[in-house]
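J.: What follows is a structure written as structure tokens; I'll ask about it next.
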Amino acid sequence: MEKEKLLMTPGPTMVPPRVLEVMRRQIIHHRTKEFETIYDELEEDLKFLFQTKNMVLMFASSGTGAMESAIVNLFSQGDKVLAISIGAFGDRFADIASTFGLDVQKLSVNWGEAVDVSEVKEILDADINNEIKAILVTHNETSTGVTNDIEALGKITKNTERLLLVDAISSLGGLDLQMDNWGIDLVVTGSQKALMAPPGLAYAALSDKAWEAVGKSKLPKFYWDYKKYKKGLLKEAENPPYTPAISLLMAQAEALKMIKEEGLENVYARHKKLALATQAGIKALGLELFPDEKVSSYIITAVKAPEGIDIAKVIKTMNLKYDIMITGGQKHLKGKIFRIGHCGYTDSLDLIKTFAALEYSLSEAGYKVEMGASVGAVQKALL
């Protein structure tokens with residue numbers, strides 16, 4: 001019997017039927033009043049999501065494209081930045097900056113830990129000549145299941161000339177991120193995780209301070225040129241400047257309506273509840289979280305693989321036999337951890353089904369499981 005695959009991954013995530021239905025509609029032209037209305041409403045809803053008064057730029061791109069757009073629009077070759085890495089995607093932000101000739105000072109944190117904000121402050125305090133122009137940081141690191149304290153980092157840079165650039169690709173829409181209140185200068189994100197839309201859209205929002213940096217940037221850009229997108233949003237030029245991903249934008253507009261209907265606080269509370277229930281289920285299985293609970297993500301839970309068990313086999317069994325997809329570790333964590341996503345369009349029943357399948361799959365791989373223990377723990381945590 002063919003069943004719909006349940007994606008319990010860090011992304012892409014499940015897309016609501018209501019959003020899929022919008023994508024079934026016939027394409028419309030992007031230079032019409034109909035599309036202009038959709039685009040303008042989406043812009044306002046994105047501001048609501050980013051918690052900013054400033055404009056949000058939209059691209060047909062992956063989240064990585066948005067990260068690259070941030071580098072080429074805010075800096076010039078030789079500019080010094082502090083890149084904080086707590087995992088694979090922090091590494092990626094640093095690598096993009098290096099690729100475009102920035103002087104990258106990298107602060108590498110042990111995988112499974114969050115950055116120590118006091119250490120960042122010490123580095124910046126020692127930079128008496130203000131050579132470091134910006135901090136690059138991941139809000140929620142899906143490779144390790146760890147969340148950084150962005151609000152605390154914002155307090156360090158808020159009243160300085162330094163910029164705070166945040167990769168919120170997996171966090172925005174699932175974790176509280178107050179762009180304006182926290183003093184964040186640039187936030188990038190993508191459509192395919194907590195935003196409940198298919199992959200293919202990316203977004204960037206900038207503070208006034210960041211826009212000043214855009215005016216000074218000398219790195220080459222064409223498609224990524226923020227000034228073109230700004231002119232469009234100000235109705236001074238065609239908006240958007242290039243053919244957009246029309247069906248995806250319509251889907252995203254519908255998904256954001258759903259988020260607004262639920263309410264941001266309720267969305268954040270749902271993500272937290274699912275995360276804590278996941279942690280309860282993991283403990284009931286006698287397994288350990290990879291990171292410390294204090295920094296464990298509410299978007300994805302990273303778990304140490306049980307000793308002597310082929311975790312790749314467990315993941316494969318869940319996928320092929322039970323039609324539920326979770327993921328393994330990346331880079332040096334491959335075979336050492338597995339990860340369960342619980343963000344976006346994920347509910348309590350999805351989590352219960354996931355743990356039922358996980359129990360069966362672990363048992364088939366040779367791990368001793370008390371059937372129903374983790375499912376029961378999850379159910380109790382969800383009450």
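Backbone N, Cα and C atoms are what each Cβ position is placed from, and that goes for glycine too.
Keep in mind that TrEMBL annotations are predicted by a computer and have not been checked by a curator.
Below are the features I grabbed from TrEMBL:
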type    : residues : note
BINDING : Arg339   : substrate binding site
DOMAIN  : 7-331    : domain 'Aminotransferase class V'
MOD_RES : Lys193   : N6-(pyridoxal phosphate)lysine
J.: Go through Lys193, Arg339, the listed recorded positions, and name the one with the sparsest Cβ surroundings, counting other Cβ atoms within 10 Å.
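T.: Arg339, out of the recorded positions Lys193, Arg339, has the fewest neighbouring Cβ atoms within 10 Å.
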J.: Give the distance between the Cα atoms of Arg339 (substrate binding site) and Lys193 (N6-(pyridoxal phosphate)lysine), rounded to the nearest whole Å.
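T.: Spelling it out, the Cα of Arg339 (substrate binding site) and the Cα of Lys193 (N6-(pyridoxal phosphate)lysine) are 15 Å apart.
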J.: Using DSSP reduced to three states, classify Arg339 (substrate binding site) as helix, strand or coil.
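T.: DSSP assigns Arg339 (substrate binding site) to strand.
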J.: Could you tell me the mean pLDDT the prediction assigns to the domain 'Aminotransferase class V' (7-331)?
T.: 98
J.: Under DSSP, is the residue listed as 'N6-(pyridoxal phosphate)lysine' helix, strand or coil?
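T.: Where the residue listed as 'N6-(pyridoxal phosphate)lysine' sits, the three-state DSSP reduction gives coil.
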